[in-house]
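What follows is a single structure, written as structure tokens, with notes after it.
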Amino acid sequence: MKRTESAYPSAIGRNPLGGHFAAGFAVVLLWCFASVAQASAGPDFSELFGDSDFIEIIERDEGLETRPTGYVHPDAEPDHVFRIDLDEGQVPIGQGVVYDGFLIDGKLPGPTLRVTEGDIVRMEITNSGDVMHGASIHAAYTQTSKHVGNILPGQTKSVTFRATTPGVFMYHCAPGGHAIPMHVMFGQYGMIVVEPRDKSYQLEADLGQEPDLKLYMLQHELYASGKEAVEGDASYTAFNGELFRYVENPIRVRPGDYVRMYFLNVGPNLLSTFHIVGILWDYVYWQGHPEAQWPGGQTITAGPSDSWVIEFRIPPEEGVYTMLDHGVGATSRGAIGLLDARADAETSSEILAEGPSYEPAERAERIGEARRGLAPFGIPDADTNPVPARADRPVRFGADVDEVVIEMKGNSFYPKVVEVAPGTKITWVNEDVFTYGLGETSGAHNAVAMRGPQSFATAMLGHAESDSVTLTEPGTYDYICAPHPYMEGRIIVRDPG
């Protein structure tokens, strides 16, 4: 898909050979010239860009030494089509914990997407959930929000772009407004890798071979409540969707293996200082770009959505090499794994940065065996939560407490469950700040009773606004936020007898 910019002469006027030979020679030369022009002149504008209103800008950018943007016409023929599904649901994350949040293709993280620099990529995104979703694709140097933002339940939308920059990138849910950080904090994210087309990574050139192992590693945090998510108080930290995943199932390597790691810290809040005990990097590449090369080192430092390509060799000695976030609080909460080096190891050529896949029966079994449920915006099912996290334990107030304040923060109520005496005043205060817009894209909230002895509904609250109700009838009151119906709270009014 190249464009021809110049016309070459259609005759060779003074060729001394003359006659039919000259005519045939001229045809061959014209074919060669046309082939060279086709190979060197750049993309076919009509195929890639259609009748764009900004063709002058496109022509300018195509002629620069730096890369062009990723813009192509939405109908450009893609080299890759990725179809992903956005939903809400439960997924086991290890250590007897079930996460009830937002998923991609039923996983947390979503699938690992891989393309090559210059490829035309089409993302087709379906919302199979009950609330609005969307997508942000960090590998796309072009507008994506207007194409795949605000995807309503049941809708499918698509965006097409050219992957012009090599590296390791994040993609995530992005419905718009306040919902963008909320859906990222609740689990909808994944990795997309753009491999360089014309330049190899340095260790590959040094060794004259491709990696023995391509290890795609995504670090992420999991939260028990929206309040804790906004404040960066993680319950767990994981590699590739499961706590201590590569402790329970170490990654097999052999002494001498060449490993290339594609590392992405999606956060969404915390810094990672990734380290492997017994390994010094041969080369690292910031954001995974082959020209952003640094030598050596003991750790890489990655903020949320920051990434690296890391190259190293397994030393000529059998043993276990421990991978961890050297921010040891994250290590103790799940961000640790093992590379097990043995001469006779049966190895894989790649490990992908996505959550485990389960057959329906295995998923149901793991969920049924759960000791803890984690639902950042709601109340976990009692069956999966015999030992609740701090955010899900009822907070009890005595009869001497006249007023109980419940915060609305990070699309959740906090405390989620309160127990009070009859006649206690319940006041909700909205601590979410981004209250522009409406519905899912706004941080405006209310509290509406769904079950209980009395009905109630507060006003719709913007930032730092409050409203109150007084409950006199004993019983259990379950309530939600109407614009965000997955926000669940519970008030237990004790029987005075």
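Just so you know, glycine gets a Cβ as well, placed from its N, Cα and C.
What TrEMBL says about this one:
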- 94-198: domain 'Plastocyanin-like' (DOMAIN)
- His133, His172, His183, His326: Cu cation 1 binding site (BINDING)
- His138, Cys173: Cu cation 2 binding site (BINDING)
- 411-493: domain 'Blue (type 1) copper' (DOMAIN)
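Cβ crowding, taken as the number of other Cβ atoms within 10 Å, peaks at His183 among the binding-site residues His138, His172, His183, His326. Listed binding-site residues near Cys173 (Cu cation 2 binding site): His133, His183 (candidates His133, His183, His326; Cα-Cα distance within 10 Å). The DSSP breakdown of the domain 'Plastocyanin-like' (94-198), given as helix, strand and coil counts, is 11 helix, 46 strand, 48 coil. Note: the Cα of His326 (Cu cation 1 binding site) and the Cα of His138 (Cu cation 2 binding site) are spaced 26 Å from each other. Annotation for His133 (Cu cation 1 binding site): spatial neighbours Leu86, Phe102, Ile125, Asn127, Ile151, Cys173, Pro175, His183, Gln188, criterion Cβ-Cβ under 8 Å with sequence separation of six or more. Every protein chain shown contributes to the tally, and the Cβ of Cys173 (Cu cation 2 binding site) ends up with 30 other Cβ atoms within 10 Å. A separation of roughly 9 Å, to the nearest angstrom, links the Cα atoms of His172 (Cu cation 1 binding site) and His138 (Cu cation 2 binding site). Mean predicted confidence for the domain 'Plastocyanin-like' (94-198): the pLDDT average there is 96.
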